[in-house]
Amino acid sequence: TRSLLGVFEEDAAAISSYINQLFQAMHRMYDAQNELSAATHLTSKLLKEYEKQRFPLGGDDEVMTSTLQQFAKVIDELSSCHAVLSTQLADAMMFPITQFKERDLKEILTLKEVFQIASNDHDAAITRYSRLSKRKENEKIKAEVTEDVYTSRKKQHQTMMHYFCALNSLQYKKKISLLEPLLGYMQAQISFFKMGSENLTEQLEEFLTNIGTSVQNVRREMDCEVENMQQTIEDLEVASDPLYLPDPDPIKFPAHRNLTRKAGYLNTRNKTGLVSSSWERQFYFTQGGNLMSQARGDVAGGLVMDIDNCSVMAVDCEDRRYCFQITSFDGKKSSILQAESKKDYEEWICTINNISKQIYLSENPEEIAARVNQSALEAVTPSPSFQQRHESMRPAVQSRPPAARTSSAGSLGADSASLSALSFDSLVAPDTPIQFDIISPVSEDLPGQAKSSGQSGRRTNPFGESGGSKPETEDSILHQLFIVRFLGSMEVKSDESPDVVYETMRQILAARAIHNVFRMTESHLLVTCDCLKLIDPQTQVTRLQFPLPNVVLYATHQENKRLFGFVLRTSGGRVESRQTSICYIFESNNEGEKICDSVGLAKQIAFHAELDRKASEKQKEIDRVKEKQQKELNKQKQIEKDLEEQSRLIAASSRSNQSSTEGQFVVVSSSQSEDSDLGEDGKKKRESEA
């Protein structure tokens with residue numbers, strides 16, 4: 001209804017814009033006619049005053065004066081005709097379009113504002129009603145809030161019906177507002193030229209008569225339609241009066257327990273902290289085996305959860321009534337919702353319970369749902385443990401994840417027509433398969449990911465704390481954790497422009513829509529100064545690890561800030577002799593820009609750390625050179641010191657040889673005997689020492 005209302009409002013805005021332009025054009029015609037009438041009257045007045053003029057070189061010219069008097073009389077008659085034409089244009093042309101512009105269009109705007117205010121008041125009343133405590137109910141407060149909901153809902157409904165009636169009437173008034181001014185303009189012009197154009201009047205008389213008849217017919221049709229709409233409004237007001245209550249009597253309006261489709265507004269709980277949470281009201285509906293939600297103003301709904309083989313149960317939540325919890329078949333995802341009334345509360349539980357049993361796939365779902373009506377009523381009790389359900393309904397694991405080939409015929413999106421095949425081939429490699437799931441490191445290694453012992457089985461603590469061995473990212477000064485869902489990856493030909501990421505997003509989303517792939521793997525993305533890690537949120541096992549230096553490009557979607565991606569440059573691929581680039585696309589919880597900022601910060605920190613490391617290595621090299629030079633200098637000093645000591649010993653030996661001749665003979669003899677024993681090498685050594 002709101003989508004259809006948006007179309008009518010857009011049409012009303014277009015009518016208003018066009019009528020304003022037409023009004024300005026007709027107003028210019030009216031002003032020009034008034035100016036022509038005034039100018040004609042002034043000309044006639046000046047011609048009459050000619051005889052009163054006293055020209056220095058002109059004499060009395062009775063013929064000229066008489067001629068000008070005749071012209072003045074004719075022009076005066078024309079001035080009167082122009083004045084009558086101006087009056088007719090004001091009444092027949094300007095009055096209808098001015099009345100439509102100032103009365104009807106402003107009435108639409110006023111009703112739109114009143115409808116918006118009534119809608120906001122109704123939302124506020126519903127919010128206050130939803131906050132009523134089920135443990136400490138005050139009958140007076142409950143009666144006031146219920147009356148407020150009744151009044152606001154009735155006001156919104158009545159305002160809505162009058163607003164819709166005005167929008168429908170606008171389609172008829174548009175025709176009248178366009179035809180009546182033109183009809184008045186033509187009739188005024190014909191009346192102006194009627195004296196000299198009787199034949200022309202006869203030719204147009206039939207056409208104008210037909211136009212006048214058409215205007216009367218449209219007016220009568222509009223009156224009949226308005227009368228029917230007023231009667232419909234009165235009937236709807238009488239029939240809808242019991243529905244204004246937020247929680248109708250379950251005896252008068254019993255719950256339907258054999259439904260396989262359901263739609264309506266629900267309050268969903270969103271966690272804002274460790275112990276705090278907020279509630280948001282959205283429109284929910286089931287589509288096959290999926291639970292969808294649609295925010296106000298969105299064109300289409302989004303997937304909330306796959307409710308095939310899910311579990312649903314009533315819960316006590318934050319002092320709110322009519323709350324129930326839906327949990328996926330593997331227990332990894334759950335949502336807590338609040339219904340508006342007990343009737344909706346029971347119908348939602350029964351409907352989801354019927355869908356979880358896949359009753360909607362049968363030929364007669366309502367009959368089968370009626371047979372299992374008793375089991376649907378038992379859905380308000382707690383369900384078995386998630387682990388047991390997961391073990392009993394776990395599907396067979398495929399050896400390889402699903403893949404789809406890109407195709408120009410399978411592309412979706414508003415910009416698909418403007419993207420040529422040449423630009424597509426320059427961004428994405430042709431015949432490139434799309435990876436929709438994360439390959440476990442145990443079964444297959446991704447390109448560019450180094451094999452390490454124990455990598456697939458190691459549990460990673462995202463906060464850098466470890467009781468035993470030291471993790472790789474413990475020394476990193478940056479640890480940021482984000483919740484992401486993997487959409488797909490594919491090889492790209494370029495990694496120099498963000499258009500590569502945008503095009504990859506478009507191709508992956510189009511392929512998911514074509515092949516009906518809705519499941520997404522949720523992971524924790526850990527951003528450090530060394531790498532990006534995808535961690536299993538249940539087991540804390542690292543699924544994938546991307547070295548940060550290999551991440552060469554990252555970007556967020558231009559419109560949908562939940563989508564982001566990055567390009568990983570790896571060695572090897574389909575052609576082993578060159579480097580390849582793989583683009584990975586993820587969906588986050590409105591944190592795409594934060595993740596890109598975090599990756600950019602990590603790369604900056606890593607870049608500065610690399611600069612510091614190189615500077616430190618250079619300084620160490622300089623220190624080693626200085627230390628080596630110092631050792632050489634100390635060694636040279638030691639050699640000089642040894643030479644001085646040997647010189648002193650030789651001098652002392654010479655003095656002792658001079659004091660005793662016999663001692664000299666003995667020394668010479670002994671030295672000769674030593675020389676003979678040492679040989680040629682010993683002699684050279686002794687000579688060098690001397």
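Even glycines carry a Cβ here, placed using N, Cα and C.
Pulled from TrEMBL, these are the features on record:
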- 259-357: domain 'PH' (DOMAIN)
- 379-411: region 'Disordered' (REGION)
- 445-473: region 'Disordered' (REGION)
- 450-459: compositional bias 'Polar residues' (COMPBIAS)
- 482-618: domain 'PID' (DOMAIN)
- 618-647: compositional bias 'Basic and acidic residues' (COMPBIAS)
- 618-690: region 'Disordered' (REGION)
- 662-673: compositional bias 'Low complexity' (COMPBIAS)
- 680-690: compositional bias 'Basic and acidic residues' (COMPBIAS)
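In terms of DSSP secondary structure, the domain 'PH' (259-357) contains 15 helix, 46 strand, 38 coil. In the predicted model, residues of the domain 'PH' (259-357) average a pLDDT of 87. Broken down by DSSP into helix, strand and coil, the compositional bias 'Basic and acidic residues' (618-647) contains 30 helix, 0 strand, 0 coil.
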